[in-house]
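Notes follow once the structure below has been shown.
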Amino acid sequence: MSEHASREASLPDDEAGLLAVRDLDAGYGDLQVLSGVDLDVRDGEYVTIVGPNGAGKSTVMKSVFGLTTYMGGEIRFRDEPIHELAPEQIIHEGIGYVPQNENVFAGLSVRENLEMGAYILDELPQDRLRDVYDRFPILEERESQTAGSLSGGQQQMLAMGRALMLDPGLLMLDEPSAGLAPDLVDEMFDRIDRINDDGTSVLMVEQNAKEALRRCDRGYVLANGQNSYMDDGDALLDDEEVRQEFLGG
Amino acid sequence: MDANATIERGVGFARSSTGASIVTAFGAVLFLDLVAKLAGVSLGPLETPWFGIWFGGDIAVGQFAGFIWDGIVIGVVIGLASIGLSLTYSILNFANFAHGDYVTAGAFSGWAVTYVIAGIGGLLAITESAVNAVTGLGTYRLEDADLVRLVLLQTAPLEAGANMWLSPAAIVIGLVAAAGMTIVLSLILDRLVYRPMRDADGISLLIASIGVAFAVRYLVALVFGANRRIVTSSEKLPSANLGGVIVDAHEVTLVVVAAILMFGLHVLLQRTKLGKAMRAMADNRSLAQVTGIPTERVIKSTWIIGAGLTGAAGFLLVLSQGGLGFQTGWLLLLLIFAAVIMGGIGSIYGAIAGGLVIGLASRVSLVWLQGDLASFARPTAFALMILVLLFRPSGIFGGVKTA
């Protein structure tokens with residue numbers, strides 16, 4: 001392992017896998033947030049993006065999902081360019097996205113929330129529903145309760161469950177630990193580990209950088225809308241510069 | 001619990017929430033007064049320095065029941081018309097001021113179709129009477145044929161009308177046409193006006209809708225004229241006297257059709273995929289988008305359902321009231337808004353409940369507002385809305401998002 005974490009952001013082309021972002025410029029309206037961002041997620045990989053507030057972490061995810069203003073660069077999923085697709089088409093391609101806040105339909109029941117996750121299919125996929133219920137048994141127990149009446153942790157599970165209804169190849173999670181009680185955070189990360197172990201690639205943005213880097217395969221450090229460091233999670237954790245600059249020593 | 005404790009609790013309530021106790025006391029006095037009136041007991045006048053106050057009096061049970069029935073009829077139609085406004089408010093996030101004119105457009109297009117169809121009957125009668133005049137065959141005579149019934153366009157007030165008994169097919173087809181034409185109108189207006197500004201803020205959309213309201217209203221006036229006219233007739237219309245309440249076939253039709261439509265909407269929202277998606281969008285539009293719900297298609301369905309119900313409400317309103325003018329819906333809009341706001345803006349169940357409360361308040365208040373005071377019936381409904389909002393600022397069903 002190198003002494004310093006790599007400043008090279010992109011993987012060699014022959015290693016590029018599921019998601020490949022190259023030299024991405026994006027923002028909101030006239031405001032450019034990202035400049036020249038590179039990012040890769042290989043099949044089955046667990047990747048996290050960490051960095052200070054306002055670094056553009058969530059914007060990377062939103063850009064992949066077609067929710068920002070595209071300003072240049074390349075976003076390829078399974079080797080197909082997706083930057084011109086609408087969110088519902090991107091879902092169709094196999095990307096699931098769990099936004100950070102208000103990520104359940106509070107007035108709908110738990111089951112209805114899950115049904116909405118499979119809206120683009122003609123029939124509700126019973127096997128997927130079964131799988132989500134097996135993964136999060138509390139959701140089956142509370143099936144007919146409104147989502148708004150669930151606790152924060154349960155809402156987070158519901159939001160993930162909804163994104164898993166289409167069995168996506170890549171699951172993008174925006175700050176899954178935000179707002180959770182400390183004792184629930186570990187449990188949440190364990191669940192994400194299991195989703196990844198079962199074969200779904202995960203791209204996660206996390207404020208809780210140390211824990212996220214410990215869990216992931218590979219991490220990106222983003223600052224001021226640009227790549228700063230990229231390496232294995234443990235390597236980033238061990239790196240003196242990264243620790244000084246981004247992890248509070 | 002002993003009496004002292006009860007009194008103490010009462011005093012505590014009166015101290016802690018003075019407003020509520022005044023309202024409760026006033027309501028109790030009105031209720032006792034109503035009971036006394038119905039029982040025919042009267043006290044008074046109680047002399048005060050300025051005027052005498054009568055308590056109780058005499059009101060026939062039948063008359064009171066009549067007020068309630070009238071209140072239900074007008075309440076149901078307001079409720080039905082309010083659903084569309086509530087739907088567009090919750091799913092498209094703006095208060096559509098053109099909504100009242102959608103009601104008018106539905107009423108006119110539906111009744112025009114009704115007249116044309118009822119008129120075909122008249123045309124046959126004219127043909128038959130002409131045949132009769134020439135050949136002497138058949139029973140119909142020229143003086144029986146009523147050419148005026150033929151088209152709504154040229155009908156002078158009080159000269160002709162369609163009704164459920166004489167021309168039921170015309171009424172039914174007119175109802176369907178009212179819904180259909182309003183749907184077409186709303187889709188055209190959405191494409192021309194609202195869709196290009198889909199992401200604009202609520203205020204811009206509201207102002208745009210005021211423009212649309214004027215355009216639609218005066219387009220209707222241009223086509224159909226600015227005269228108010230009576231389009232229904234009570235000729236041979238079946239009606240029943242149920243313990244002093246006169247219930248006619250038009251009112252029954254209105255209540256039954258409206259109830260069926262409301263129940264249908266309930267089933268749609270709770271049981272179908274589209275309905276659930278509509279509720280999801282009302283809940284959180286951007287989340288609906290990232291969940292993969294095709295938002296534009298849901299918006300289109302929202303217009304179709306909302307406008308269909310609105311057009312039907314316009315047609316039914318005219319069926320029960322008889323009169324039709326280019327300002328019909330505009331004048332109703334304030335009541336519709338009152339119903340939607342009272343029910344809890346964005347909730348369709350609230351809109352229905354709000355409509356009923358507004359309707360009942362505006363009719364039952366006639367128990368106390370007699371003679372010249374009767375014109376205060378409408379303000380009473382609004383006063384009740386204000387009262388509800390004082391105690392439940394988010395409305396009866398406020399905070400319960402049901403689309």
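Note that Cβ sites are derived from N, Cα and C of the backbone, with glycine treated the same way.
Annotation source TrEMBL lists transmembrane segment at B:20-39 (among others).
The transmembrane segment feature in TrEMBL is assigned to B:75-95 (among others).
Per TrEMBL, transmembrane segment is recorded for B:102-126 (among others).
Summarising the annotation, TrEMBL assigns transmembrane segment to B:165-190 (among others). Non-local neighbours of the transmembrane segment (B:165-190) in the same chain are 98, 102, 105-107, 109-111, 113-115, 117-118, 121, 212, 216, 233, 235-238, 249, 253, 257, 299-300, 303-304, 306-312, 314-316, 319; each lies 6+ residues outside the stretch with a CB under 8 Å from one of its CB atoms.
Here TrEMBL flags B:202-225 (among others) as transmembrane segment.
Residues or ranges marked as transmembrane segment in TrEMBL: B:245-269 (among others).
Annotation source TrEMBL lists transmembrane segment at B:303-324 (among others).
Marked as transmembrane segment by TrEMBL: B:330-360 (among others).
Among the features that TrEMBL reports, transmembrane segment is placed at B:381-400 (among others).
When each of B:20-39, B:202-225, B:303-324, B:330-360 is scored by its Cβ pairs under 8 Å to the transmembrane segment (B:75-95), the top-ranked stretch turns out to be B:330-360. Counting only same-chain residues 6+ beyond the ends of the transmembrane segment (B:202-225), those with a CB under 8 A from a CB of the stretch are 92-102, 104-105, 108, 112, 152-153, 185, 189, 193-194, 326-327, 330. The transmembrane segment (B:245-269) makes contact with the transmembrane segment (B:303-324): 3 or more of their CB pairs lie within 8 A, with pairs spaced 6 or more apart in sequence.
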